[in-house]
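The following features are taken from TrEMBL:
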TRANSMEM  234-254  transmembrane segment
TRANSMEM  261-279  transmembrane segment
TRANSMEM  317-338  transmembrane segment
TRANSMEM  358-382  transmembrane segment
TRANSMEM  455-480  transmembrane segment
TRANSMEM  501-525  transmembrane segment
TRANSMEM  537-554  transmembrane segment
TRANSMEM  603-624  transmembrane segment
TRANSMEM  645-665  transmembrane segment
Amino acid sequence: MIYSRFLSPSPSFPLFVSLALSPFLSRSVCFFLSHSVSLSLSLVLFFSPAWLQGDPRKVIYPTDSYGQFCGQKGTPNAKKSTLFYFNILKCANPAVLINLQCPTTQMCVSKCPDKFSTYTDVQLQYQITAAPWDYYRQFCKPGFNNPTKPIAQVLRDEDCPSMIVPSRPFLQRCFPDFITQNGTLTVAKRTHFKDALDTARSVTELRDAANGITGLVDAKEVGMKIVEDYAASWNWILIGLVMALVVSLIFILLLRFTAGLLLWFTIIAVILVIAYGIWHCYLEFSLLRQQPGADVTIVDIGFQTDVMVYLQLSQTWLIFLIALGTIEASILIILIFLRRRVRVAIALLREGSKAVSYIMTTLFYPIITFLLLAVCSSYFAVTSVFLASSGDAIYKVMAAEPNCMYANKTCNPETFNKTNVSKACPGAQCTFAFYGGETPYHRYLFILQLSNLLIFLWLVNFTIALGQCTLAGAFASYYWARRKPQDIPPCPLFSSFSRAIRYHTGSLAFGALILAVVQMARIILEYLDSKLKGANNVAARFVLCCLKCCFWCLERFVKFMNRNAYIMIAIYGKGFCMSARDAFCLLMRNVVRVAVLDRVTDFLLFLGKVLIAGSVGVIAFFFFTHKMPIFQEEVPTLHYYWVPLLTVIFGSYLIAHGFFSVYAMCVDTLFLCFCEDLERNDGSSEKPFLMSAGLHSILRKTDHH
């Protein structure tokens, strides 16, 4: 069997692989392509109703009361890209507006109104000049041109809005143009106005009717400033990320020769940096506590776009102080009680650095994983849009009177005038409500969305599983090579990837499906929890909380078992269930050593990621805050310096995580190979150990303590 070479290596193996590599790889590529085509056809057939009936225009374009898209080319509304609400005071909140559920007539217009006016004013002015009416009627129903019609009938039939207020487009909808002047909310510098019935209105009513609209406008302004900051600093952000890439590579290369020294330096450096952070936070907290007005809580000031506002509060520094103190204490406790295990973890990392140095291509495999995940995410997003837009236009009766018996009933706009609804409810109209349907397909649309989500989770977990199995196979070929690096097969990463695709697709898919089902259950529980937040049923909340905790633990366990099962699959080539069983039994027989690998090693790698992201972040902080005299003239002018700073820190952490995830997989693979080596060999000349002498001596010493 082709996997036996890992357990019984021979000097002739590289020659054998060289001879067999070409036809083997060609078969693997063909098999991979055939499986990809089959999977693609299955997904297309499963979601073919959505692709056939879906219409993304329903998501892209706003829809008026007649079910017509605003701004779509080739329609009467081609030059009318913005949705206008006749009576925005009927809209309860912005969510209602965005979901097109506001109980008022909605029309597509070419531009939003830019001045105050009422239908009554236009009627009076029409006797003198037609100019005001020509402006006003562009916000009325198409074809309506009767300014002498009584105001009561106009409002009843909703031919025209009772008033228009200065607005501006946002999310392709006309929202009142709120402006704060000297702490007072105004619209076109006015705080009060009158509607068509000569009723006094205030700007506060507009704000309350569209609750939170000012927050949306502020969010838009903040978003524009953030975009400007990215445009001004993108080149420096790129330099920071390249710096993180270089530092990560240097860190990994140094581990090859100075693993112990570098890791202890990392531990001490992190401890000292956190200690400095604790001292600085305590100093700021002590100074602010003596200043008047600094004792205001974060809840009192609410959300602020200027981060410096929060740094003027003593509570902010107290939170930082407690968080850093907790982290520092946790690190010190781990080092005190697990100092011997740290030595073992360093030995494993030193051995892992050797494997990575011999198979450097593994460091760039996360790029392939990222590209595959991007494809999966794109497929999920596009399919979700088609599913969400595959319904038909549903029209509801919009009644002018609150006690209308036909209110919110489904109606047909083509036959609505022939029914007795208008007689029973004067002023009632049949207007567009939402997209849906009554067919079996539309009734199960929610199930299809859940199925799409499940398939997305399945594909994501399969992509991750493919990466783990590929890396495990490459590093296993290193461990089981008797002479390193002479007996390491050529192109170990590509060979392992080909084997995973050719032989293990089903096993990887089965393991990914198990994890996807568990994650799906967690998502459903989170959805139920959000729905029950307002309920007073304590027992239900308690049961739900317990279920969430249990499924969180189950997901962690499944991820751990899958990871080790994939390693055993890469070594032996067995099926998923048998590999999972063998991995579990092997880990249970080495449970003490597992604690070393699963916690201490991950802890050291986490400290390395924090050190890289933190060091690059500190440099970026001094640069963007003009604290580097050498680069004073090069620093771009920014609205929020934290925008590029957080981007650099987060991006640096992701880059370091990409490199160190390969390292973690390497260590896990070498650990299982080490445990298997101990059970299959005894160190004699007939059955020699394949582990390094240093790793064997350290692990043997640790077992005696």
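Cβ coordinates come from backbone N, Cα and C, glycine included.
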Maximum Cβ pairs under 8 Å to the transmembrane segment (645-665) - stretch from the list 234-254, 455-480, 501-525: 234-254
Folded-back contacts onto the transmembrane segment (501-525), same chain, C-beta under 8 angstroms, at least six residues removed: 24, 27-28, 31-32, 35, 450, 453-454, 457-462, 464-466, 469, 544, 547-548, 551-552, 554-555, 558-559, 562, 565-566, 569-570, 573, 575-577, 579-580
Stretch contact, the transmembrane segment (261-279) with the transmembrane segment (358-382), Cβ-Cβ under 8 Å, 3+ pairs: no
Outside the transmembrane segment (317-338), six or more residues from its ends: residues with CB under 8 Å to it: 267, 270-271, 274-275, 277-278, 281-282, 284-285, 288, 311, 599-600, 603, 607
